[in-house]
Amino acid sequence: CWKFVFTDCRCADDASKTYEELFAKLDTNKDGKVDVSELKAGLAAMGIKSGKGKIVSSGDKDQDDGLDFNEFSKYLKEHEKKLRLTFKSLDKNNDGRIDYAEVKQSLADLGVNISKEAAEKILRSIDADGTMTVDWNEWKEHFLFNPATNLQEIIHYWKHSTVLDIGDSLTIPDEFTEEEKTTGVWWKQLTAGAMAGAVSRTGTAPLDRMKVFMQVHSSKSNKISLVGGFKQMLKEGGPTSLWRGNGINVLKIAPETAIKFMAYEQYKKLLASDAGKIEIHERFMAGSLAGATAQTAIYPMEVLKTRLTLRKTGQYSGMYDCAKKILKREGVKAFYKGYIPNMLGIIPYAGIDLTVYESLKNFWLSHYAKDTANPGIFVLLGCGTISSTCGQLASYPLALVRTRMQAQASVEGSEQLPMGRLVKKILEKEGFFGLYRGILPNFMKVIPAVSISYVVYEYMRSGLGIQK
């Protein structure tokens, strides 16, 4: 009902005390225009679903699908008049204040009867000074200023967070606001994220080793169960063998995060159609290219990780020894085995991860965002976990092929097959589900990995002095 009464004045929702300040707040990508998507984000924060296209089209005199400052301020002046008219129409006794009885009466005039309690609740949501009456300044402040604050909150809370490290390196990098970049908070956030990733990968390393073990050795003729696999590992190398390959898995976090972040910032500048503006498809492309750049740079570490994870007791004395032996026996090209399926895997992972995350975020904002854009940590972690898991599910066959190719030369009697023939062979011998070997331990590690990385991330944030 409340939305219905204020349909006209809501068009001016996104104004702040001065038009310049408002324009700067709403123009999140700093391209000198407020377009439909920016307006939509501001209105979504207030739970308003319609009218955003109309606002831009009616204010957009030069038909360029965005409001520049002049169009914007002219449009707002007209709508501030409407806002004042609405205030006056509610203020039945012309005393410059609106009380609950006047709210109740105005709704009754429209044929909508509400209780005294409901009218008071509406009033309380606007009443800044607690007098249970609303004057013109409170009215203007509430309707013109709140959404801009919420828009900043949306950006602040709904970044696709570094908190989540489920052991995969294919996620789209973090978004940082201009303020975070200039104050240097970004590197603290990345450091906290890398540390959280290191601890979570170490905590879930036995499940990760089990996944790689099953990807390479499990088949119809050689079925490996979780319990049987762990027994085999413990028998062969004792409890410490469960952490084989973890050292390099942790070591590659820092260079990969740094390269990916720097490459992402550069690709965003190159791909953005307008300076500073980044649409979701451009973000996906920039993120995928940044992931490909980082993966290319650290790929030999990926190969070493697989070989060290699968190694038998006494096979290699350490990372350096492993690298030396691979180089001597197989040459430089061995360090890029499985590179093509790895690169191809970035596209379904990043695309599905980003799409699912944005869909869940928009669903929450349109259905549950009442007073704040902060969904709380469980919703954020839930959305991030679901989207990353969906991304993993889509790219898993490519990950399995990559791991098999990385391991080929170290598995006795194994053929050195190219990607296409390897996929064909798996499908012929194992069927479609042969491409999903090892997915059980992979999914089993998601929740502990997310939980560990979140706890460590929060400790690191407070240790590094990052504000909430």
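Every residue, even glycine, has its Cβ placed from backbone N, Cα and C.
Residues or ranges marked as domain 'EF-hand' in TrEMBL: 14-49 (among others).
As annotated by TrEMBL, domain 'EF-hand' applies to 78-113 (among others).
Confidence across the domain 'EF-hand' (114-149), taken as the mean pLDDT and rounded to a whole number, stands at 69. Residues or ranges marked as domain 'EF-hand' by TrEMBL: 114-149 (among others).
What TrEMBL records for 184-270 (among others) is repeat 'Solcar'.
Positions annotated as repeat 'Solcar' by TrEMBL: 278-363 (among others).
Positions annotated as repeat 'Solcar' by TrEMBL: 375-463 (among others).
Summarised by DSSP class, the composition of the domain 'EF-hand' (78-113) is 23 helix, 2 strand, 11 coil. For the repeat 'Solcar' (184-270), the DSSP counts in helix, strand and coil order read 73 helix, 0 strand, 14 coil.
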